[in-house]
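What follows is a short report on a single structure.
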């Protein structure tokens, strides 16, 4: 077998060769666009690097900048825009986003353009669309791993590059194609999938387009960077510990983690957590990243409307319920108590406080939940961490196949047990450990059931993390997302505000071993966000509440 360096270089060259040469800018021009040597260096979105590149025509820039996925579908089906024009525009913008942030892994632009032409001809000939996503470009996370026929599913390991390309589509991929989608690229991930820095030895590190010195998050970090750069109108990520929500909050996009098995997850390349095949295991799920609430709704209603069970026998055959609280609905919103083990850093606390104040102003009923160890983020994170440890051993040895080194975020071995230790004795034999963890999770779920029912909550509002995006390899333990995976509750991210050294000028040292210190200069300009959570299988209610809250927080 070739060395890991040779395998990685060969695959990068293959990806780069799939980008038309006329869409590739010289390095000095890219440095200029990223503000190298200026006070605004790396603030690609603030600097309007995409527009200033001149790569896109005025029409292509307008298509990618001023429309969401829902709007584009209306224009395509109404013959205002062709799928070909929309697809070319997003392929070009994705190519530029790749050059600025290193977000892409697999590139199949020409296939996408050919499919878009076919879809345009179909619409012309039949006067109807193939399906509800007719002609819409959609990007896919490279991990877990979505198989696209004829393309690799690398999982971030160089050993995976030596495999043959996929010979069939994953269940969700086939569903999206049947709905009329145009698939055009796959996006970057971390080695092992289980860190918040999307870096591996094949494709390198994905950068945050808001500030390239900060992490784009993980494990769907490539999606976060691409969607934030508006190189994708709608992206698909996966989430077992926060992997949709963390890149969303880091990159300033909307993101949604549904209840597991509502979106089909079958026929994926085996990964560390393809499924935890024992009763009560934490199951990963797929979900959308987008630039509007409307597009999160679009993805969920469309996918579930296609009857996922027909594509994946492990998917649930539950209809999507159309729920509209209207514009005047007053919600009862619980506010998650800060965990003293994972205190909120100044910009995160400010964003949450400001969000709650605006919700009060809008007339919603706010309930501050008590700080309770039995339902705390820290306990949820520790329990989730022990569940992850039950995954089949040996997957990490994939590095040993080619001799590739662990990237720094993996080598750090971040874990949630530093202060409080293990909630369940790790020395128990496997059967008793699984049983004890299941009992502990039931207790955690019961505590949250009491919070919900005793206060008649619609949703809970919480931080997505105790930090914003942070400098590379310092993200820490994402207990504020892991706890909801443990419960299998649907949860979404709404962007809200920015970190500001002028508003929060005082540094703060972190409490935990792996947590990032607050550095006002380093964090300045990072997006802030809030997380909205609903009980299991209340995905529709979660999104309906998110629509109301988003309008109250982000009035334009």
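Glycine is no exception: its Cβ is also placed from the backbone N, Cα and C atoms.
Listed in TrEMBL:
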DOMAIN    86-367  domain 'Amidase'
ACT_SITE  141  active site, charge relay system
BINDING   193, 219, 240, 241, 242, 243  substrate binding site
ACT_SITE  219  active site, charge relay system
ACT_SITE  243  active site, acyl-ester intermediate
DOMAIN    441-543  domain 'Amidase'
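Mapped onto DSSP helix, strand and coil, the domain 'Amidase' (441-543) counts 33 helix, 22 strand, 48 coil. Each residue in 194, 218, 220, 238, 239, 244, 246, 284 lies on the same chain as 193, 219, 240, 241, 242, 243 and has a C-beta within 8 Å of the C-beta centroid of that substrate site, without being one of the site residues. Calculated from their C-alpha atoms, the gap between residue 240 (substrate binding site) and residue 141 (active site, charge relay system) amounts to 14 Å. Of all residue pairs in 193, 219, 240, 241, 242, 243, the annotated binders of substrate, the farthest apart have Cα atoms separated by 11 Å. The DSSP secondary structure for residue 141 (active site, charge relay system) is strand. If you take the Cα of residue 141 (active site, charge relay system) and the Cα of residue 219 (substrate binding site), they are about 9 angstrom apart, rounded to a whole number. If you draw a 10 Å sphere around the CB of residue 219 (substrate binding site), it holds 35 other CB atoms from the protein chains shown.
Counting every protein chain shown, the Cβ of residue 241 (substrate binding site) has 29 other Cβ atoms within 10 Å. Secondary structure at residue 243 (substrate binding site), as computed by DSSP, is coil. Taking a C-beta cut-off of under 8 angstroms and a sequence separation of 6 or more, residue 243 (substrate binding site) has the following same-chain neighbours: 193, 218, 219, 220, 237, 284.
The Cβ of residue 141 (active site, charge relay system) has 31 neighbouring Cβ atoms from other residues within 10 Å, across all protein chains displayed. In the predicted model, residues of the domain 'Amidase' (86-367) average a pLDDT of 94.
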